[in-house]
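The following features are taken from TrEMBL:
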type	residues	note
DOMAIN	30-477	domain 'Major facilitator superfamily (MFS) profile'
TRANSMEM	23-43	transmembrane segment
TRANSMEM	85-106	transmembrane segment
TRANSMEM	113-134	transmembrane segment
TRANSMEM	173-195	transmembrane segment
TRANSMEM	201-224	transmembrane segment
TRANSMEM	286-310	transmembrane segment
TRANSMEM	322-344	transmembrane segment
TRANSMEM	351-373	transmembrane segment
TRANSMEM	385-405	transmembrane segment
TRANSMEM	426-446	transmembrane segment
TRANSMEM	452-473	transmembrane segment
Amino acid sequence: MAGRSLGPAEVVDERAERYQGKVTGFVIITCFVAAIGGCIFGYDIGVSGGVTSMDEFLREFFHGVYEKKRHAHENNYCKFNNQGLAAFNSLLYIAGLVATLIASPVTRNYGRLASIICAGIFYMIGAVVNAGSMNLPMLFFGRIMIGFGVGFENQAVPMYLSEVAPANLRGGLNSMFQLATTLGIFSANMVSYATQTLKPWGWRLSLGSAAFPALLMTLGGYFLPETPTSLIERGLTERGRQVLEKLRGTRDVNTEFQDMVHASVLSNSIKHPFKEILNIRHRPQLVMAILLPTFQILTGVNCVLFYAPVLFITMGFGGNALLYSSVLVGAVLVLSTLISIALVDRLGRRALLISGGLQMIICQVIVSVILGLKFGDNKELSKEYSILLVIFVCLFILGYGWSWGPLGYTVPSEIFPLETRSAGQSITVAVNLLMSFIISQTFLYFLCALKFGIFLLFAGSVSVMTIFVYLLLPETKGVPIEEMTVIWREHWFWKKILPTNLEAESSHAQ
């Protein structure tokens, strides 16, 4: 076929086929240890909801909520509407937003592991302070420290996983972060269930237990290898090749190594990545970095996970049924993430995001109808409708767990070129945490004001984001991470925005 020029997509496919190596035990262990960070994040999400359902914790720090909870005839949707209680959850996210902007230069200049170690240290400090809290300022300070851990961890771990994983399995291995998060949520629910009878200090054990996985992550940061991309970017080229050969299980890594070296040369020529990311040639990635984490939070899943125990109390569940329901939610989330790991590199990102979106829309509408017809002020759901409600909440979480849960982290972490990858990940995490802060701070108020209508609001947002994915997100399955820019030039919409000559545009930008 002499004389025939290859299109961009064909060039990417041809180059991907030249990447050598296999899935080694070393890369699996490396990804597993790195993903522990997600376990701490998930544990904190789950344990926050668990302790806010414990009378001893509420009596200690939020006495007004405790008194309202005791009133049998309180408005079912408003009994937990307290800004102090909302701040307990949301402070973590605003602290994480600040931390991720600090973490970006640390991750770029000192390596991904430096940020992972910092995250572990912040988590340990926060867990210890929270466990020993004697007053509200001390409790909030511990949450802020954990928030700094969240910012550093979410900035570095997804990027680490994307750079270590081989292209053909990047989606599944990157989803280990979400799997670890779901296991953390599940563990938190189990711990909360076990400690609720340990009065009056059970809540301290629940909050302090986060120090154990934090210690594991910190130690892992010392023993894990730095990513080849980061080593090469920082001038440690030979060391980067050695690590790449070990990760791939072969010495024949020339093509992938050359792509990394080429990307690092361009990366090092960019002195101000946050300024560079505003260049029009990075516009598609920037839009995704902002909208994908926004959409992920607007699914409403954080509200279900943060306040699962609160929601089940609100809906009339009592005693053991409260935490049994929470444990069930955690187990479904773990199962759905395993489904995503198995399918994401076979079916692709788009198929999972769209199918998961449709399932979430249906479930949220049904939940809203059940609550609207059968639940209201001074009423509790019957046993039959309570079971039905739990089923559809679980189906909603199942749809989220194989789609927007893991892929909300995977896609943004794999689409940026090396020169803006750290900045892009910081923007992704900052937007995610900002939206988490807004939702967690306002959810209890909107639950009180909108009642069952809040789930229709989330169903509407999921509808918008599903259409967005269908129209504007190209498939990234199997595309080498250092060749990812090509897919935007092939997309029907983004190719109209991108400059024709990217090299000339790059030279002009510098």
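Think of each number as a place in line: the chain as shown, counted from 1.
Using N, Cα and C of the backbone, Cβ positions are placed for all residues, glycine too.
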Local confidence of the domain 'Major facilitator superfamily (MFS) profile' (30-477) - pLDDT mean:
84
Using a Cβ cut-off under 8 Å, which residues of the same chain at least 6 positions beyond either end of the transmembrane segment (351-373) come close to it?
299-300, 315, 340, 343-344, 381, 385, 388-389, 392-393, 395-396, 398-400, 402-404, 407, 451-453, 455-456, 458-459, 462-463, 465-466, 469-470, 473
Between the transmembrane segment (113-134) and the transmembrane segment (23-43), are there at least three Cβ pairs closer than 8 Å, leaving out pairs fewer than 6 positions apart?
yes
Six or more residues out from either end of the transmembrane segment (85-106), which same-chain residues have a Cβ under 8 Å from its Cβ atoms?
44, 48, 52, 61-62, 65, 114-115, 118, 122, 139-140, 143-152, 154-156, 273-274, 306, 422-423, 425-426, 429-430, 433-434, 436-437, 440-445
Could you tell me what the rest of the chain brings near the transmembrane segment (173-195), counting residues at least six beyond its ends with Cβ under 8 Å?
27-28, 31-32, 34-47, 49-51, 53-54, 157-158, 161-162, 164-165, 202-203, 205-206, 209, 213, 305, 308-309, 320, 323-324, 326-327, 329-331, 333-334, 336-338, 340-341, 344, 401, 405-407, 409-410, 413-414
Near the transmembrane segment (426-446) in space but 6 or more residues beyond its ends, with Cβ under 8 Å, are 80-83, 85-87, 89-90, 93-94, 96-97, 100-101, 103-104, 147, 150-151, 154-155, 277, 286, 289-290, 292-294, 296-298, 300, 302-303, 306-307, 408, 412-413, 454, 457
If we skip the immediate neighbours and take only residues 6+ beyond the ends of the transmembrane segment (23-43), which ones have a Cβ under 8 Å from one of its Cβ atoms?
116, 119-120, 123, 149-150, 153-154, 156-157, 160-161, 164-166, 169, 173, 176-188, 209-210, 213-214, 216-217, 220, 223-225, 246-249
